[in-house]
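Visitor: The following feature annotations were taken from Swiss-Prot:
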| type | residues | note |
| --- | --- | --- |
| TRANSIT | 1-28 | transit peptide |
| BINDING | G65, W160, N213, R405 | L-aspartate binding site |
| MOD_RES | K277 | N6-(pyridoxal phosphate)lysine |
Amino acid sequence: MALAMMIRNAASKRGMTPISGHFGGLRSMSSWWKSVEPAPKDPILGVTEAFLADPSPEKVNVGVGAYRDDNGKPVVLECVREAEKRLAGSTFMEYLPMGGSAKMVDLTLKLAYGDNSEFIKDKRIAAVQTLSGTGACRLFADFQKRFSPGSQIYIPVPTWSNHHNIWKDAQVPQKTYHYYHPETKGLDFSALMDDVKNAPEGSFFLLHACAHNPTGVDPTEEQWREISQLFKAKKHFAFFDMAYQGFASGDPARDAKSIRIFLEDGHHIGISQSYAKNMGLYGQRVGCLSVLCEDPKQAVAVKSQLQQLARPMYSNPPLHGAQLVSTILEDPELKSLWLKEVKVMADRIIGMRTTLRESLEKLGSPLSWEHVTKQIGMFCYSGLTPEQVDRLTSEYHIYMTRNGRISMAGVTTGNVGYLANAIHEVTKSS
């Protein structure tokens, strides 16, 4: 206001008439963002914020979807440390192409499609490096919106909460399909198949390739085959989000079985891949989006459009994480070490599942905890109610999302007894 008054006075002395609209604009600048309300907290990231603010020495965080060792500490894999050493002193800091590192993409495709995939050899796959799995999902959602504008996406109930945000912001209409059965704490297979059957022909479906987040419930191999056959009959498009390859069984090839089944049955699919979990490269944001096409010509066209979508979004992906992945996967010794380390992480989680279940049973819990060991991957869908989760937080300083999802990576030999006792206390009267 003072600046505006000074300009007005100076203009008046010179016989000039200032443009009132211009100064009205100056007066309103401070109110441009008055209508902006605080965004709701992310249901997952907000858990960690609350955990960090809690001064209690007994606090336990089983909400974060990141691997921790048995001391509750973040882990940098040895294969990653060695790759870092080899890259140290690199003078290459140039932009990557819009499609990212071709070497990293090629190596990544082999993990999903197979080392000897005919689709790779025949150049039928359009693939680009992305900003981890989230970026791959978002890029595909934008691609779907642009090139199948009247389509919608079917998303499982429940799913990773950000899936809904991704397709919503891409302005792709959403529908849901049955997945989890709350009473059996397993797969609601018949309802899932009914939803797939009743969806309009040629619908898009989001599928979790393995280690379903948040339930830890995956279809059996035979169920995947039935799903694939029904998709084929209905001409549906399957988009696989594979964020946890290796974390389900400890074997990345085995965890890609759902994808291989769909490929065997002749589907043209899309895949989101990420190295956040299975290489611990959370902050490096390394991922890949691939779309299997009819022929090489179509693959070239699709890739060019994916790059066109990426250009105004983030232009080109980051370099360092892609270099780490390439260094590990192209070296037989480092790749072998990585596979061993993936199995160690998966086995620790499997072991904690067994210990948690046994601890609850030894406490005399009236409930069945069989689902804790039946579910697989990083998460356990505990069956705890939002009210029980609130009690765990307020009375025992245990933090998790209110849907009862326990990150088994946050469970250690040091806190599993405390966690089991707290769960028993809030559920024993159920």
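Quick reminder: no glycine exception, Cβ is built from N, Cα and C everywhere.
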Visitor: Expressed to the nearest Å, what is the distance separating the residue listed as 'N6-(pyridoxal phosphate)lysine' and G65 (L-aspartate binding site) at their Cα atoms?
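Guide: Cα to Cα, the residue listed as 'N6-(pyridoxal phosphate)lysine' and G65 (L-aspartate binding site) are separated by 8 Å.
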Visitor: Quick one: which residues besides G65, W160, N213, R405 have a Cβ within 8 Å of the L-aspartate site's Cβ centroid, in sequence order?
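Guide: Going along the sequence, the neighbours come out as I44, S161, P214, M378, F379, T401, S407.
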Visitor: May I ask which residues of the same chain, at least 6 positions away in sequence, place their Cβ under 8 angstroms from the Cβ of N213 (L-aspartate binding site)?
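Guide: Correct list: G65, T159, W160, A243, Y244, G377, M378, F379.
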Visitor: Using a 10 angstroms cut-off on Cβ to Cβ distances, just flag whichever of G65, W160, K277, R405 is the loneliest among these recorded positions.
Guide: G65
Visitor: Across the record's L-aspartate-binding residues G65, W160, N213, R405, the largest CA-CA distance in angstrom?
Guide: 11
